[in-house]
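Notes follow the structure.
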Amino acid sequence: MCGIVGVVGNRNATDILMQGLEKLEYRGYDSAGIFVANANQTNLIKSVGRIADLRAKIGIDVAGSTGIGHTRWATHGQSTEDNAHPHTSQTGRFVLVHNGVIENYLHIKTEFLAGHDFKGQTDTEIAVHLIGKFVEEDKLSVLEAFKKALSIIEGSYAFALMDSQATDTIYVAKNKSPLLIGLGEGYNMVCSDAMAMIRETSEFMEIHDKELVILTKDKVTVTDYDGKELIRDSYTAELDLSDIGKGTYPFYMLKEIDEQPTVMRQLISTYADETGNVQVDPAIITSIQEADRLYILAAGTSYHAGFATKNMLEQLTDTPVELGVASEWGYHMPLLSKKPMFILLSQSGETADSRQVLVKANAMGIPSLTVTNVPGSTLSRESTYTMLIHAGPEIAVASTKAYTAQIAALAFLAKAVGEANGKQEALDFNLVHELSLVAQSIEATLSEKDLVAEKVQALLATTRNAFYIGRGNDYYVAMEAALKLKEISYIQCEGFAAGELKHGTISLIEEDTPVIALISSSQLVASHTRGNIQEVAARGAHVLTVVEEGLDREGDDIIVNKVHPFLAPIAMVIPTQLIAYYASLQRGLDVDKPRNLAKAVTVE
């Protein structure tokens, strides 16, 4: 949610900021702005809407070598230019961009800023006014004013601050919100995400919570809030420019759907050797063996991926698995087993709700494993162990390849633990072979895109509501499929356990109500789900079937190649991703950037 970019040094700041903001569009936003300065002039430009709207307002005379930029997703105050970042202090001297939520902003406003005039309703404007007050009224230095403000502010934040009277420096601080420093020759940068600056540098430095950074063109100084200087090593980001471009695709989502066979094969090469033996960190295996219960904590699509792996993990590891919504567990952690282990699923590794749970787990001494797509992310740094899903950058807001990669990665983990326990079922599970078949199944489904588009046009062209139904793992896939459809097509859609239809949901079925039925796993499951299909069809529902090969009948709509039952959720979800994509496309919507949504939810 939101994005920050900043640069100081021998570069064209306007170009770098705008390119960086464009790379952060996937995070979600409703307004944007930049502040650019040099020794002779400063320019502050803000706009509601897309980055293209901001670019249209920037004149050729907006130039400078230092600047900060921001994409905003409204939390405090509506989406207006006054509420868009960057924000300025009372006199306009100080300029600030901010990601996060300042929890005590009203207290700060009444306690410290009586008589100040505010242009908008944001918590960020309160922060920059506070810094300005400490400098211009209380006569503190800029650095001391920033530190004092940080000692008062409560909540989550990533700040980038500039002084229009000394434009060769950017001041940075963070707490519970992601921020990176990009390193260059004769210039340095700050950004929320390495993708924003990968065109300019591949060298980055992590900063931790409650650390302050002073950026000049030739130096990066990191201190704690008491002023003690800290040493930070840099790392090279393993990103390729081709990975973050759309290429010939109209939307990132379609590109990322198409990349899933490659992701499956990448996971095979990462977690298996040439002979097919699974390779997972032995310390992770030992930790799971010592646990008496695994708790999977996640949000959104990652939560659904957890459900899709629950049965597999339990069967192969002989360890009970419990699922939890991270946003709920952060406030109320239920009674735990005697030897719990937490597994946190997060594409970005920055999900604020999951981090809140992790902080509690660490305080309780509970071992944790983060399964993520982003090395060096907050969750990966703060958890006991990390397992990467190697899906490559996922830019479309609606997650596709991260979901399937999480399931595949956890399959390697489950098999590794089962083998270590001597479980025969795990020893017999030829995961490399089976996952190769999954990749082929995905490719077969992707070759039928025209068929899916045709089915979607007939089923969902004008509807406002739809339902997915399934049993067992198909129910878990139905939950994810419904989320995907509602996210990007704005069709109200719910995924239900097929057996629950008679317990209330069937009252919503009327003439031409779209119902998409998922059928895999066994003849018994297929028989019962087909009974539910007859029930909704008798009430006028328009039914579309997605059926695993071998369970299909004449008249079924989409046939999916048969794969191992543990991996069936990967194969079965692919048609539903395409259904969501074409439903959005046919309605003329922005597939990659659905309204009101952010890719990485970095505030609670």
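Numbers here mean position along the shown chain, with the first residue as 1.
Note that Cβ sites are derived from N, Cα and C of the backbone, with glycine treated the same way.
Now, the feature entries from Swiss-Prot:
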- Cys2: active site, nucleophile (ACT_SITE)
- Lys599: active site, for Fru-6P isomerization activity (ACT_SITE)
- 2-218: domain 'Glutamine amidotransferase type-2' (DOMAIN)
- 284-423: domain 'SIS 1' (DOMAIN)
- 456-594: domain 'SIS 2' (DOMAIN)
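The secondary structure of Cys2 (active site, nucleophile), as reduced to three states from DSSP, is coil rather than helix or strand.
For Cys2 (active site, nucleophile), the number of other Cβ atoms no farther than 10 Å from its own Cβ, over all displayed protein chains, is 28. Mapped onto DSSP helix, strand and coil, the domain 'SIS 2' (456-594) counts 69 helix, 28 strand, 42 coil. For the domain 'SIS 1' (284-423), DSSP puts the residue distribution at 66 helix, 27 strand, 47 coil.
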